[in-house]
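Q: Got a structure here, written out as structure tokens. Questions coming.
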Ligand code: GLN
Ligand code: ZN
């Protein structure tokens, strides 16, 4: 056991990696396009790492004791762990991430309940595993002994923990039935042990192993009772026995360590790890002493790493100060609940003078990554020196919170009253049989109707037109003409192709959530609040800060224009309440269910205006329905109840002759299959091409008996499906359910595609639908 100083006074579990000016994105893209060499890329990334470490010291984290996390990744931290273990070769890093001529990319999926996506490692019984890449050691040394001769920083390397790594991995193709990645725990732990020894030899006082899978029933489904606890005990028993290792901080962000089948906080406390970071935003602090914790430092994750609101520092300091006594922890320090990966860099990077429409009041209410570091430092100082030592900071935080609570727009009585008055009637449409008859009568569609999911290719010209307008370089009239011309072209194309239910193509939408956030009251959007979604991809989530309502119609003009050009039905396209919440930063002073109801009412108004204008088909997309599913099984029913209800409120005002569609993106639908039925949409389109239509019988068996549009081709690749392929997919679908329920459509929107492949693919889709129609 090393005899090193006690755990640092305050820390964050990780910091954004993309760079405050998106330097990582630019460096990666320059390299991928061949403009820079691997060596040049490596140099840029090293500079970014060092600048980040020094920036965190400037913000107040200790430079010498491991308070500064070394949480960088060139693309993804799970891929980094796979490389560390030799499962993916280091020199083919970006090929694993993005695919190339010789291999497809690793599958990508959501990181717990965040909007970050990680690459799913593949491991089989015979996959060689070893300590194959010492990047964490090199990165530690690079900051501790900087080549530029500048100020050194002793960082705390951050690596995905061995148990989480294996729980997130998938069995490699060809692995025998029954093999589970967790079966390789001992080999993986051996390799991690070598990493720890190397870090110790390099002088690292601490290492952080991230084990979020321990708080997520969604990651541990299929394990036998007690199996997870045994794996944790075994892994950390071995790792703590490694000679010359750094002290170990096990971090368990995104939920509560104690609410699963096993009390994993107790298991970790009983181990010899020196510190445990718990998420006290999502989880609760133990109210009784935990055996074993007396020799452990508890890192109290009080500052929300997952959201952007300024914290109640006075309350948090009280809570932190009481924790040692209530939990029996040997020491308590303050941290973020999760990595700050999920929030933008700095509130001060935005302009707050009101000139660009951003409400200046928000500046004082928000805390992005840098503000959160400062909050952590304040709390740590308060713990160490007493509340009086940080009195001014506590008072400023309390004042900002009071200002926010009382500000106009945060509570709008008319919105609250309307949401409170909602009853079951508002969430209930006419019986499906009645709706189906009325819609058949009104729409007169053929069997196996053809349609698309909404967006058509967003060409450089469309983006240029939108950007010019946003910058003020194009007049409203010029912008409107450009969008109308695009809509007209998309309608003409769809008529030529022979599609049955048309769309306007969504050219006016920068993003399917931001477009609505910009028009709803209660939302703000940032200019530079970028957050990494995956690799080089960033998103700019809107901020939902107040009660939500719709001052004016948002989509009616475009949809009505499109409808005026054709006699075929044009779908009105809306983004659903759950997806709007999932892809925004949402206020933390009102239950999500209540916020969802407000958004649902705003959408209900839009559905009302669309249908009043003659729209016969309305699609409300909920691609994120599965995304917000709570990680703990016990929390899932309540979520599914309010999310389904929000959709039904949004669409519940539509008359029987209005056909309501919904669309869900690819995900593991199993846990939400009843909820999909519960939405009560007339037609549900889903991504299904990659799973050979399996979703069709699954939905059928779950009792779903309304329209279904299983995506017949994967739009995520430019490949054009042949008519034969689409025919085969459609044939599978019409054999699995009543053919009268089946629709033919791609599996998602076409905005990322080019026109050439889109046109060819849709042509084949229509031909296939005709062919299968003829067999019915
Ligand atoms: N209507 C949207 C589109 O076509 C749906 C996008 C999505 O499912 N993510 O782009
Ligand atoms: Zn989709």
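The backbone N, Cα and C atoms fix where each Cβ goes, and this holds for glycine too.
According to TrEMBL, the protein carries these features:
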DOMAIN    11-325  domain 'Cobalamin-independent methionine synthase MetE N-terminal'
DOMAIN    448-770  domain 'Cobalamin-independent methionine synthase MetE C-terminal/archaeal'
BINDING   453, 454, 455, 621  L-homocysteine binding site
BINDING   453, 454, 455, 506, 621  L-methionine binding site
BINDING   663, 665, 687, 748  Zn(2+) binding site
Q: Can you tell me which of 454, 455, 506, 621, 665, our binding-site residues, come within under 6 Å of ligand 2 at the Cβ?
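A: 665, by Cβ distance under 6 Å.
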Q: Any idea what the Cα distance is from residue 748 (Zn(2+) binding site) over to residue 453 (L-homocysteine binding site), rounded to a whole Å?
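A: Each residue's Cα considered, residue 748 (Zn(2+) binding site) and residue 453 (L-homocysteine binding site) end up 6 Å apart.
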Q: How many neighbouring Cβ atoms, not counting its own, are there within 10 Å of the Cβ of residue 453 (L-homocysteine binding site)?
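A: Here the count is 27.
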Q: Please list, in sequence order, those binding-site residues from 453, 454, 455, 621, 665, 687 with the Cβ less than 6 Å from ligand 1.
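A: Only 453, 454, 455, 621, 665 qualify.
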Q: Cα-Cα, whole number of Å: residue 453 (L-homocysteine binding site) versus residue 687 (Zn(2+) binding site)?
A: 10
Q: Between residue 663 (Zn(2+) binding site) and residue 621 (L-homocysteine binding site), what C-alpha distance do you get in Å?
A: 5
Q: If you average the pLDDT over the domain 'Cobalamin-independent methionine synthase MetE C-terminal/archaeal' (448-770), what number do you get?
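A: That region's mean pLDDT is 95.
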Q: Which one of these binding-site residues has the most other Cβ atoms within 10 Å of its own Cβ: 665, 748?
A: 748
Q: Is any of the binding-site residues 506, 665, 687 within 10 Å of residue 454 (L-homocysteine binding site) (Cα-Cα), and if so, which, in sequence order?
A: 506
Q: Which of the binding-site residues listed here (455, 621, 665, 687) have a Cα atom within 10 Å of the Cα of residue 506 (L-methionine binding site)?
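A: Candidates kept after distance check: 455.
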Q: Including all protein chains displayed, how many Cβ atoms other than that of residue 455 (L-homocysteine binding site) lie within 10 Å of its Cβ?
A: 22
